[in-house]
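First the structure, in the form of structure tokens, and then the observations on it.
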């Protein structure tokens, strides 16, 4: 009996992994130091996980709302999405035709979360997102590569990048595309680290963040880009639906998690 | 208790105290006269407000109308934050982040005691969250926390203005330096009760330093360079957001005789400004934008994140030049603006050029250049006709102004060279005159001259050439002067 379960588990793992090959990339876990980490115990462990190679597009989301009427713009519970939610759609069922292959934006955290759950996935955590996003095309961790950092910072400055077509940028080390320079992305725990509106306050619970800010040196350019992401996340509430904010989904990898999922 | 022991000289103590108090009062009185300070002790937190209105905010270089005598009121104001590409210099653009669509941001004018309800709107196309820290506001972060707003959202917060003065406001969202470096700053003026004294013209000028990937003037859209910002090495230091912010069609305009007030702020992010207006003197400087008034100031220092109110009368027509007198910024990085004053000349104040003369320093040795012993000029042998040709050119550069084109000289001032007995009498003396200059009375062709000829900074070949030219022109004796002859005299 036990053997059978293991066998089934093994089988599931294989089939599941191969099913993800097309759209998801396996990110091998490891340790990394988040922006707000200071001191010796600052490293955070990130387990293996799968991450969508591309941000969710308008076409993807259109399919979702067609199957889930409660996420259509006229039906959505006001608590779960502000008035900008899908406001550029022609009607409940029809996304703007010219945006089909663009990253979907103007979706709230609740809607993004529901979308991922309907696919048997979830939103990535901040740590997972940041961990995957520090990879360049050739390295898992490119945060010490000044050119890479500068290019990210540059891409953040460009206006209207949410109008770009997904999948045209070069894939990173893990095979993931468009993490930088297209749209900000929702994360599961976006508000767990609060960068307060007062970004120079260093006397309260966010001390770690601000100490990190104080420690920024000429070589820590990556931190500036990360700061912009953290500042962005901390300005959000879960019902916000912004023009420049989209999402992609993640999924656990690892035997025990696969079983739980099953 | 032991009061008597503590204060044994009670009899002397009271008169002393009285004198001290008197001295103190006199002191503070004279101080307040000097500075014009009258409001710094007053508590405006309980000032009552009467009525409400929507405040007018203005784009630079304009300022909203003065508050005058109005009572404290409830003010409503709105500001939109944009991220947009605008001109930094001719052919150079930059993605500015702005309060109200301009750099610096809209000018806010209020009165002490006003209660302000401030709405901040972050345009949906913007990529970043923003906020505002008003230095005029007492409270957490100057409003930074309360105004922190995501793109596509708006926030309203309120505050009471309890300190008069001129203050900077700016964005304080992480990374703060970057938000300020991209142009997110402006000025808020909190006028005292009764308002500032009236003047004829008021302007709003703000300095900022910018950090671009390309060097100054490199064309195209220039991205922000974080490294240069960190190193405090700006490519641009400008007034009102661009190199042309206050020049050309953007030059400030005034008429002679008008009193001018400039609300000057420095957004930074890094540099302090040595603000100066070339051709004027500030009659009054409200130091740091506060109560203290300094008079008769040439250059005033305005720190990053600081401001000053400057007043002067534009006495005479001219183009007044606004500069950061840390002067390379003015001439090489853009910190230069024009205040064009038109109207009637006033020669009592400025008469302009009265006359031009030739300046001849006394003595022959003054104009000697330091000798450069290492340079060996290659020997050049020239024929007499070559010497004459070369000499003519040198004559037209070095001698012509005084001795005139045909060697006729100028009567009573510069002796003639044409058919000149003094010249033809002694070649060596002529060489010496060129090498060492000549002063004192001489007689040429029967006329006395008492003037000064400076020594000429010419090489041996050049002295030889110009003298040969002169000796072979205008009826002179046709002598030839060689470089060797000159060299020989030089070594004497």
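Please read every residue number as a count from 1 along the shown chain.
The backbone N, Cα and C atoms fix where each Cβ goes, glycine too.
Annotations in TrEMBL come from automatic prediction, not curation.
For reference, TrEMBL has these:
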SIGNAL    B:1-28  signal peptide
BINDING   B:130, B:135, B:170, B:171, B:179, B:184, B:325  Cu cation binding site
DOMAIN    B:386-474  domain 'Cytochrome c'
Integer average pLDDT (0 to 100) for the domain 'Cytochrome c' (B:386-474): 87
Densest Cβ neighbourhood among B:135, B:170, B:179, B:325 (binding-site residues), 10 Å radius: B:170
Around the Cβ of residue B:184 (Cu cation binding site), the count of other Cβ atoms that are within 10 Å: 30
Cβ neighbours of residue B:171 (Cu cation binding site) where a neighbour is any other Cβ within 10 Å: 29
DSSP three-state assignment for residue B:170 (Cu cation binding site): strand
Cβ contacts of residue B:130 (Cu cation binding site) (under 8 Å, same chain, 6 or more positions away): B:81, B:97, B:120, B:122, B:148, B:149, B:171, B:173, B:179, B:184
DSSP three-state assignment for residue B:325 (Cu cation binding site): coil
